[in-house]
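K.L.:
First the structure, which I've put down as structure tokens, then a few questions once you've had a look.
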Amino acid sequence: MAQFQQTVNMQTLQAAAGRNSLVNDLASRRVYDNAVEELNARSRRPKVHFSKSVSTEQTLLASNAYPEFEISFTHTQQAVHSLAGGLRTLELEYLMMQVPFGSLTYDIGGNFAAHLFKGRDYVHCCMPNLDVRDIARHEGHKEAIFSYLSRLDRQRRPVPEYQRAAFHNYAENPHFVHCDRPFQQCELSTVNRWDTYAIALHSIYDIPADEFGAALLRKNVKICYAAFHFHENMLLDCDSVTLEDIGATFQRAGDKLNFFFHNESTLNYTHSFSNIIKYVCKTFFPASQRYVYHKEFLVTRVNTWYCKFTRVDTFTLFRGVYKTSVDSEEFYKAMDDAWEYKKTLAMLNSERTIFKDSAAINFWFPKVRDMVIIPLFDASITTGRMSRREVLVNKDFVYTVLNHIKTYQAKALTYANVLSFVESIRSRVIINGVTARSEWDTDKAILGPLAMTFFLVTKLSHVQDEIVLKKFQKFDATAKELIWSSLCDALKGVIPSVKETLARGGFVKLAEESLEIKIPELYCTFTDRLVLEYKRTEEFQSCDLSKPLEESEKYYNALSELSVLENLGSFDLDAFKELCQKKNVDPDVAAKVVVAIMNSELTLPFKKPTEEEVAEALSGEVVQDEGLRLSNKAPFPCVSNLKEGLVPACGLCPNGANFDRVDMDISEFHLKSVDAVKKGAMMSAVYTGKIKVQQMKNYVDYLSASLSATVSNLCKVLRDVHGVDPESQEKSGVWDVRRGRWLLKPNAKCHAWGVAEDANHKLVIVLLNWDEGKPVCDETWFRLAVSSDSLVYSDMGKLKTLTSCCRDGEPPEPTAKLVLVDGVPGCGKTKEILEKVNFSEDLVLVPGKEASKMIIRRANQAGITRADKDNVRTVDSFLMHPPKRVFKRLFIDEGLMLHTGCVNFLMLLSHCDVAYVYVDTQQIPFICRVANFPYPAHFAKLVVDEKEDRRVTLRCPADVTYFLNQKYDGSVLCTSSVERSVSAEVVRGKGALNPITLPLEGKILTFTQADKFELLDKGYKDVNTVHEVQGETYEKTAIVRLTATPLEIISRASPHVLVALTRHTTRCKYYTVVLDPMVNVISELGKLSNFLLEMYKVESGTQXQLQIDTVFKGTNLFVPTPKSGDWRDMQFYYDTLLPGNSTILNEFDAVTMNLRDISLNVKDCRIDFSKSVQVPKERPVFMKPKLRTAAEMPRTAGLLENLVAMIKRNMNAPDLTGTIDIEDTASLVVEKFWDAYVVKEFSGTDGMAMTRESFSRWLSKQESSTVGQLADFNFVDLPAVDEYKHMIKSQPKQKLDLSIQDEYPALQTIVYHSKKINAIFGPMFSELTRMLLETIDTSKFLFYTRKTPTQIEEFFSDLDSSQAMEILELDISKYDKSQNEFHCAVEYKIWEKLGIDDWLAEVWRQGHRKTTLKDYTAGIKTCLWYQRKSGDVTTFIGNTIIIAACLSSMIPMDKVIKAAFCGDDSLIYIPKGLDLPDIQAGANLTWNFEAKLFRKKYGYFCGRYVIHHDRGAIVYYDPLKLISKLGCKHIRDEVHLEELRRSLCDVTSNLNNCAYFSQLDEAVAEVHKTAVGGAFVYCSIIKYLSDKRLFKDLFFV
């Protein structure tokens, strides 16, 4: 082939050289055709427009550097660093040429405008604002786009076709086009985990090299192409390196590397030198345990280096690759370091392989070929100091000079001669009149210092040779003097102070009696320097083991101290060590404290023994509290002036104040400062002494905390109330003393005490008397606050009594013998007390007044008065007014309902010899009603001397006795002749309960206060909760449950169920609206045989059932869902899960409600009945669905509809809260919230910055009608912030239960501000929300706001199904209207931590305290206190914050695996077996929530099932909810129908994967007990949603 081509060429040349014109023409034609083909090929190159004005040389430089492009130079724009700026375009296009067209590409730090102009709709730019210059650059990009679009608009031209997709993305989905986060934190997700690509144009400088690989892998980047500026001289000890081609300079100062352009006033760029060196020197960038990114250099063009990073799967490496051989030469070199560092460092240094190939170095660094690094020395005559620097010099030049001057004689070897020779071989020479250029192009500026280096090296080499020759000669002078003499003679006149100069330069080393001459290394190659530079950045630091050994010794001694514990194997030693290290606590002291705590010799007041609680108690010393001396000199008409005396300032502490044992009066609290009461509450103390004494101290602190919380709330009421509201009926009240009227009217009168504000605005506690319903006040008082908690002196009196019997803050330990009588319900505990008690010398104490009256009545029923108010008393009365007598025996009924410290005080104050405490260990125990007060578990156990059991019930029938045997140890017997007494009835909704149609027989009991109040509103009488009637007996009882959602207190293990089933003697019937565990219990009791019931009159053992749990193991597969089935499959599935719902004929329910008489329980409101008659309107025609569901027709707003909705959503709010200190408790909750969810690095905030951009962002999301409402708003003054508008939604919300069969569902309401208010506070809270979401630890917690549904699946995708875990769902009914003053306080404190403006925050707070609702459509006006407004700007994020704060206050969030929150929905994954508090009680008493806690196998969040499996999780939309939507009755036309289909397709995309349908069936079965396997239904759903025609068949006109 080669011979043939050569022949053709020769023939062509011969033809061209001949005279034949035809042949010549053919040759010319051939040359012309070749030129045309070449030019056509060049014209097909990508075209790049180079508008910068550059010189001719720079034009040629750019054209030669990038032959892949056809560059057109127009020279129409003058700019700074024109060449570098123009090359950026070429560099970007060159990088994009490497990426496959259409593949998703991340442009790290890129220019999104350039991609839009090119029509690239597949590029996402990560543009973080790392400094102000970045912000300005990004604004310039936006301005360029705006100018381009404006020009098209002026010319009335559309956007070109190739740009439309990109500009459409920019307009509709700007987050896909660009984001303001660093690449490592970019939130853009890829579809189906396809491979992506990335480019980095001059942006990897600011990405840490150690994070680069992991960041690429997170985005599933296959190849990343990068370009950056670099120069070989940067690896030398050079302070400055110039990039001549682009006119820029690198300047190095330590690790700081500055980059700037010459002769320009532009900002400098600063980078990390060590980080850039890693990118240059490292080859592998680890991304995970499996993947690494391998770096390869591509090409170098105009001072820009190109490289690519390729993802490599190390699992595919041949196993022989992993053998690591040791370089013996490098190992011996590293042995010197092994003496200073660890031996492993020597092994690491010996195994380094990077850049060992010099050919590769020379290829990629061509300028360093045959170059060596020479040190240069500069000396100062004035200071005597010497500096050192390095340069690259040709290797041949160095040896030529050294070999020549080595031949000089000693006299001829001078610096001048060496410099002369160096200059001569560097300069031009003239040979025969012709100038010849020197062979070596060495910089003339360094010839002088370079000659000095050659001179010094040669001189020292001669001196070394002389010493070797004279080594065995004898001289009078010492060797040291001889050497110094030789050195001084050799260098005389060259450098002053030769000795100091040589020593400073490292040429000689001095010792006291020795001298060492060391010739420095003449040079090192660039390869060696590159390896050294890389090693320098990777060397390990030394480690001092002395301190760790000392700490280990301390921990060993501490472990010896802990060895006395019984369960040492379960003791967490790692947590103990972390505690001591984090809190700087001595391990030995901490071990002794732990042993004392475990042995109950010492108690710390915490709920959980966390390291923070233990460290807080160990670090600080308890300060002795001083007594508060009172002197009342102010006139007081009803309470006599007080004498001076001492009263306690707070609860007990180990070193408390001294109190004399005197009979103090409660009036000593009069005019006591509120600060004296508040300062001692919730203090951190260490309880010491015996366990009884510790319990007594805890009880006194409990009373102090309760009093402090009440006083604090009264102070808050005084601060908050400003205007007059005489119509309100609240728990708290404020009396204006000077005007003689209520500013805030309480719902009760005749309070015992309150908090008054005097003329000096000082707050004091005052005791009250009343005159005709008005408090008698001092003339110096300004205002007075009272509340329902200040109706009696209970806490004051008890606190006074208990502190009076203490000496030096230590209560005496009671010496009485304590006998615990544990009896089953109905065992005759009260009867036994009456039989054993001697009323002349014994004392009987009971918890309540009713029980006291009952015992007195039964004791005196024979006609002889034995019991009276002196020997049968309530516990509170006894503690407030202890008698001055001694009792022989003490009988306490229902003792477990009391604080254990209270029981000990009762024994102490009664001076009894024996105390009988009658309890039921399985019934409701003492509930701590002060939020966040520490009541450790071991304090809840009474210290008893004897225990007696009563296992024969005189009250309970035989079937209930069977249930009791499952609860108590031992056999429970009964004496009742009644065998069957319990029954249950499931009613069709709460509306079926009515005193007329369904009268209830016997005593009516409920589980919740809400159900109790609702029954009272319906007209039922004599209704109490189960907790209120504990200890009572009734012949017949009726237990009612109106709450349809599950309640945690209704379970087999709940003491509430036990109490409820054991109050009757003959009959008990349970009415419920839903199947629950209590129905199952009653059903089981009804199935018992008569023979089995008779057995409980004799001893019988308890049988247990062996259960086997199933374990599911799945695989992460994608199996397409087959499109099969019929719409009747969906109908069958709906009817199976919700039987009866499809048969409801509710089309005319709204008409029936408007026509028939109706009775509504309405709170105070104003109604305009002129709005009751609706204006006739033409009713629209809607399409009818084939699927029959419980969906209703759209309703029309009117008086009745709106009023019913308002009653349901806003009135009759629950009131379950116990006694809490709102301010202190809110602060504690917020601190827990912050510690639980906020990343520690972002826990500090710089304050909120309201800018024009934040308002513009809010305004851009508003509709045009909203903007029009702001046209006449001047923003000078605020409208009324406490006024809201009220409206309803036309479509009722479908419930996935059976309530629709008996109830008329109320519509959802929207309570909203005017747009003018939203324009002020909307941007502010939007910015605060953004700040909060940025600080949340998103690896563990999901706040589902400002996110897409697919991000739910991404969040749960890293769940480990092999880990044993529990799934908790907290469902709260009446969530919005249950939120009261405490919830607002928590939310405001969170906004304060984020930096909200104080003035606006106060305006917002006052606007949400007491609010007015106006419904102009229905003519309704009412007033609400607090509550969550459904249309407020903070509704969604506020609800999300509250549910998250509620859970963080009760659940240890540091142990949580995953948690998600959205409005009132929550989903928490916790390790299995985690010890949790009573969430039901906490939610009721502290948060006023009717909470239901679900424990499930699969999670349910925002209408979606979260199915976790062995490789992650998949989220399925609730199929039953989807079918319910397919039966909707508000579709207007086919366009509306198509919109519905598309929206359903979006939310149900995961149903196309049928790999996990079996787990989905299990999840559905957890919620709906009648569920069947639904795979056939899911296939049918996909079939109809994916086909427009089939979907239209589901509806007809």
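Placement of Cβ uses the backbone N, Cα and C atoms for every residue, glycine included.
A quick note: this is a predicted structure, and the numbers were derived from the prediction, not measured.
Swiss-Prot feature annotations, pasted as is:
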DOMAIN    72-280  domain 'Alphavirus-like MT'
DOMAIN    791-950  domain '(+)RNA virus helicase ATP-binding'
BINDING   G823, V824, P825, G826, C827, G828, K829, T830  ATP binding site
DOMAIN    951-1103  domain '(+)RNA virus helicase C-terminal'
DOMAIN    1365-1478  domain 'RdRp catalytic'
K.L.:
Please list the DSSP helix, strand and coil residue counts for the domain 'RdRp catalytic' (1365-1478).
P.N.:
44 helix, 33 strand, 37 coil
K.L.:
Which of V824, C827 has the fewest nearby Cβ atoms, counting only those within 10 Å, among these binding-site residues?
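P.N.:
C827, out of the binding-site residues V824, C827, has the fewest neighbouring Cβ atoms within 10 Å.
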K.L.:
Restricting to the domain '(+)RNA virus helicase C-terminal' (951-1103), what is the model's mean pLDDT?
P.N.:
87
K.L.:
Enumerate the residues of the same chain, G823, V824, P825, G826, C827, G828, K829, T830 excluded, that satisfy the criterion Cβ within 8 A of the mean position of the Cβ atoms of the recorded ATP site; list them in sequence order.
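P.N.:
Here the non-site neighbours turn out to be D920, R950, T953, L954, R955.
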K.L.:
Across all protein chains in the structure, which of the binding-site residues P825, G828, K829, T830 has the highest Cβ count within 10 Å?
P.N.:
P825
K.L.:
Of G823, G826, which of the binding-site residues has the most Cβ neighbours inside 10 Å?
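P.N.:
Buried the deepest by this measure is G826.
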K.L.:
Give the helix, strand or coil assignment DSSP yields for G823 (ATP binding site).
P.N.:
strand
